[in-house]
Amino acid sequence: MSVESKKTRARCCSNFKLFLASMAFVFFSKAFGGAYMKSSITQIERRFDIPSSLIGVIDGSFEMGNLLVVAFVSYFGAKLHRPRLIGIGCLIMAAGSFLIALPHFFQGLYKYETSVSHSTDINSTASILPCLSNHSLAVADETPDLEAAGSSMWIYVFLGNMLRGIGETPIMPLGVSYLDDFAKEENTPFYLACIHTVGILGPMFGFMLGSLLAKIYVDIGFVDLDSVTINHKDSRWVGAWWLGFIVTGTIILLSSIPFWFLPKSLPKEGQEQKQENFLPDENQDHEEKNKPVTFQELAKGTFQNNVFTLMILTHLVAVNGFIGMITFKPKFMEQIYGQSASKAIFIIGIMNLPAVALGIITGGFVLKRFKLGVIGAARVSIAASFGASCLLFIQIFLHCDTAEVAGLTVSYQGVPQVSYNQQTLLSQCNMGCSCSMKHWDPVCAHNGVTYASPCLAGCQTSTGTGRGMMFHNCTCTGEMMTPGMNMSAVLGQCPRRSNCDFMFKIYMTFSVVGSFISACGGTPGYIVLLRSIQPDLKSLALGMQTLIVRTLGGIPPPIYFGALIDQTCLKWGTKNCGGRGACRLYDANKFRMTFLGLITGLYFLSNMLWGGVYRTVVKRQKKLTLRNQAKENGLEGNTVDNGHANISIGKNKEDADNESTI
């Protein structure tokens, strides 16, 4: 071998290693950005004062952008310079992340709802009179704040997330095909496993970054934090959501750099002759059948496969449940178990996501260790799906005591509230205060009950400034207390009466174990899907599967989950311009039954579809067994290995070319 040849081979090897490292980094980056977006849903909803149904549309815009270009990328991508296309995609993703953060710099300072003015002068001795000061609020409620009209700038977030979806499209199909083209066949699974393992770290870091920034006030560096009277546990609090998109955009931008230095093609890893032997063999096999086939005929042939069609439906239903759950789970933990948004995001990042990663690896190990075929893989998937559904069903019955809010969840006399309307916020104790019923500025009284505002608590005077402000002579608190007790209140909602931490730990145990069991069925389920497709239709079928699942499984769930969750809202916030803002308080029981009930229903429907898949696969195995027996008796010319791991689930009738084997 010449010196020049050795140098060329070393350079190609170096390029291939660079590509592997670049792919691992870009997988981490896109997962990092995607997880951060999910973790920021609540912050964006509060910042722009929009309902959950609209935040669902914003969240689904990523899939919309993906679908706009997936056909173009799939068709033309392989013919163009694949590494540079991936680099361009990363640039577009980075631009989308920066565009999402842009409204923060145009919108002005965040003005949260408050019913009283807060003095920041420590030496001030002026006492605010909450009850009397609200006589003018009825007029103030009707006065629009033109600056608040900037809340329509959520459209930038929508467009930015769509750009992220467009930019993400080339990474998976072009990156994996480039890897498969130039790696040894036996090395490809190992390389993919390494890339995905690094990619799994992305969501963990994304959720942890979301948790950290959710505790930092949105306008940090622009306002005096001592003047902010709310903390990160308040439903009006908005964290520094914009900062995370600058960080994720920068990381994605850096991940694009190596792809600009990679060649359009590389020599095949190892023996360079292998690539040349494959195509002639395939052309030879199909030499006699080389008549053109239309796309319509290919698609028809694909969907005539019952196993493939049932698998599409099964994945579609399961993905609907999963996307709805991961989008609104932080909100669920916040409303049902009284956790702050930052803590809920952090726990998902360090507990649920590692359990999912471990489950995926375990599912693959079980398949390899026990050498399971299609039937075995289907059994593992069904068992995992059913087990996860049972654990999810149990979670419906786990909950804490409902937060006691006067006029919303309990009456002013402490009796549980049966129904709610605007008038239930009023009582004899605050009737003379002319309180606004629109504002949400909660205070916690010493009787353990939260009141929607100091005025609605009937508070007459106040002392202190900022977060240390205290309200006194709150007449409404006296209706649930014995005479002579403390009738003061402090800013913020009251903690739950019962010890909710223990119940939350039980919930998280079920949640983490359920995540692990559900993920164990992921790899076996994908194997069943792959083995249900004829080899010559595999690329088309997987493209269709991705298109259908991402269209119907990625876009609608956040929207209809959000719309249903909106129906459980007890107290809507009010925009500065007077319109309805984000929800401040939900009916915990209705929220729990709606959210978990919908997810459980989708998972049980998925189980039923899995049963249909299993029955179809077993039926085909029986037909295959009879065919194999006939072949052994010399009735058929072709032979098929009848081992446990060699199960054919081709369509049915004509020749062995229509079968795919594992």
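Heads up, the Cβ atoms here are built off N, Cα and C, so glycines get one too.
Where the annotation comes from TrEMBL, it is an automatic prediction and has not been curated.
Record features, source TrEMBL:
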type	residues	note
DOMAIN	19-623	domain 'Major facilitator superfamily (MFS) profile'
DOMAIN	423-478	domain 'Kazal-like'
REGION	635-662	region 'Disordered'
TRANSMEM	57-78	transmembrane segment
TRANSMEM	85-106	transmembrane segment
TRANSMEM	190-218	transmembrane segment
TRANSMEM	239-261	transmembrane segment
TRANSMEM	307-328	transmembrane segment
TRANSMEM	344-366	transmembrane segment
TRANSMEM	372-394	transmembrane segment
TRANSMEM	506-529	transmembrane segment
TRANSMEM	595-617	transmembrane segment
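The transmembrane segment (506-529) shares the most Cβ pairs under 8 Å with 372-394, out of the stretches 57-78, 190-218, 307-328, 372-394, 595-617. The average pLDDT the prediction assigns to the domain 'Kazal-like' (423-478) is 85. Residues 318, 363, 366, 510, 513-515, 517-521, 524-525, 527-528, 531-532, 596, 599-600, 603-604, 606-607, 610-611, 613-614, 617-618, 621, 643-647, 649, 662 of the same chain lie 6 or more positions beyond the ends of the transmembrane segment (372-394) yet place their CB under 8 Å from a CB of it. Using a Cβ-Cβ cut-off under 8 Å and counting only residues 6 or more beyond its ends in the same chain, the transmembrane segment (190-218) has close neighbours at 20, 23-25, 27-40, 42-43, 47, 104, 110, 176, 179, 183, 225, 228, 232, 237-244, 247-248, 340-343, 345-346, 348-350, 353-354, 357.
Broken down by DSSP into helix, strand and coil, the domain 'Kazal-like' (423-478) contains 13 helix, 11 strand, 32 coil.
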